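Quick look at what TrEMBL annotates:
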BINDING   51, 52, 53, 54, 75, 76  FAD binding site
BINDING   220, 225, 228, 245  [2Fe-2S] cluster binding site
DOMAIN    3-100  domain 'FAD-binding FR-type'
Ligand SMILES: Cc1cc2nc3c(=O)[nH]c(=O)nc-3n(C[C@H](O)[C@H](O)[C@H](O)COP(=O)(O)OP(=O)(O)OC[C@H]3O[C@@H](n4cnc5c(N)ncnc54)[C@H](O)[C@@H]3O)c2cc1C
Ligand code: FES
């Protein structure tokens, strides 16, 4: 996959919830190469390694990309200190994105917490043919709720404590829908590993195609350092290790060994 490295200005910065930031970044080069599900590697001050962040929007008409990230440690903490019109050193787009079906296909988008941003471009592409199920710890952690509504998708919001939307896990809602006879053409999921594992199980049980976006700690981000291994099934029944940065981050759910 072609990628570029360059210095790009932040056009807008927004604080979506405590410790979650949304940057709109001007980059015609990256926007013109990117696919939903791909990520960028961003250089942050004082850190030898870039930090991987998924693309939360790709706008070719207006030449920008968007990232939404949560402060987890020092690297994302430094990133959050950048302001509008500061420049970011970005490498991307990287990795393998989601398989895009014709937009009239029925899909489910399942997102957990800070795993929801990469689903935004899919929600825009599939519009009313997508059912979006997102889950968060509580009402204060909810992000991108209005964003999903604007695409006229069916959007079901869940919180663990019931402080907003339905009380429970996204996978409970997905199970109820599939058990009730709904048969989407594809399930896409991004979020914490236990959530992805359950989505993969449900996809297998109900025989539905499913793609999941995996996260591993990364160094180079381009397949050169063997730093982001993920155990996978081979076609001959053996197991192997794939690079999340190069072979993923999006995998068919049948490929991944949890
Ligand atoms: C392909 C990919 C896409 C990503 N997209 C996003 C995104 O859109 N938004 C977002 O907020 N975050 C995203 N992440 C996670 C983000 O890269 C990490 O939170 C960040 O690198 C942590 O850096 P730090 O220096 O702030 O924290 P560190 O001090 O490095 O780590 C803080 C904590 O986060 C954990 N952590 C660090 N890196 C990862 C990782 N790659 N996966 C899981 N846990 C990690 C550490 O184990 C530790 O507990 C993505 C990661 C990958 C691999
Ligand atoms: S991060 Fe170096 S191989 Fe994936």
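Heads up, the Cβ atoms here are built off N, Cα and C, so glycines get one too.
Distribution of TrEMBL features across the structure.
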| residue | record | DSSP class |
| --- | --- | --- |
| 51 | FAD binding site | strand |
| 75 | FAD binding site | helix |
| 220 | [2Fe-2S] cluster binding site | coil |
| 225 | [2Fe-2S] cluster binding site | coil |
| 245 | [2Fe-2S] cluster binding site | coil |
What whole-number Å value do you get for the CA-CA distance of residue 220 ([2Fe-2S] cluster binding site) and residue 51 (FAD binding site)?
10
Whole-number Å only: compute the distance from the Cα of residue 76 (FAD binding site) to the Cα of residue 225 ([2Fe-2S] cluster binding site).
22
Quick check for the class: what is the C-alpha distance, in angstrom and rounded, between residue 228 ([2Fe-2S] cluster binding site) and residue 52 (FAD binding site)?
12
Taking 8 Å from the centroid of the Cβ atoms of 220, 225, 228, 245 as the cut-off, which other residues in that chain fall inside it around the [2Fe-2S] cluster site?
218, 219, 221, 222, 223, 224, 226, 227, 243, 244, 246
What is the number of other Cβ atoms found within 10 Å of the Cβ of residue 245 ([2Fe-2S] cluster binding site)?
25
Looking at the binding-site residues 53, 220, 225, 228, the one with the fewest other Cβ atoms inside 10 Å is 225
Close to ligand 1, in the sense of Cβ under 6 Å, among 51, 52, 75, 220, 225 as binding-site residues, are 51, 52, 75
